[in-house]
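Down below is the structure, laid out as structure tokens.
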Amino acid sequence: MGIYTCTMAIFVPALLNIILNTLIFTYVQSSTRRIQPQSNRASTSGPNNRQPRMSRRDMSLLKQMLVMFSMFIGGWTPILIVYTMNIAIDVDIKIIKITVLFSELCIFGIVMNLYIYNHELRHYLLNKIRLLFQR
């Protein structure tokens, strides 16, 4: 039962996350290639015929996806491993509390990261807070 729990809680969401992030990244990268100026494309044609470099926007999106994925996996894997171990052997309650705290910190980091990078949500919430204090 513990192996099933780890599989359904770690590997399946990780696989879905990888698939969705790959689809998002390929869509964004194709969009970037579509809107690049013609001068950049002209420099790649010729005797060198090198592939165009990845734009800063695409690179930052890829870094963001990797950070979010690593925070998700790094946050949930320890608690689920401890849960699986707790079925077979008696794990100290301090270890369980530390892994739960680590998972909560990772979730808090993910929420803060999403809040920082979502400009519309950030501006909406800041405007609501300002309106709240103006009353």
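Note: Cβ is positioned from N, Cα and C throughout, glycine not excepted.
Note that the structure is predicted; figures quoted are calculated from it, not measured.
Straight from TrEMBL, the features:
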type: DOMAIN; residues: 1-117; note: domain 'G-protein coupled receptors family 1 profile'
type: TRANSMEM; residues: 6-28; note: transmembrane segment
type: TRANSMEM; residues: 66-89; note: transmembrane segment
type: TRANSMEM; residues: 95-117; note: transmembrane segment
- Residues outside the transmembrane segment (95-117) whose C-beta sits under 8 Å from one of its C-beta atoms, at least 6 past its ends, are 64, 67-68, 71-72, 74-76, 78-79, 82, 86, 125
- Summarise the model confidence on the domain 'G-protein coupled receptors family 1 profile' (1-117) as a single mean pLDDT, whole number. 81
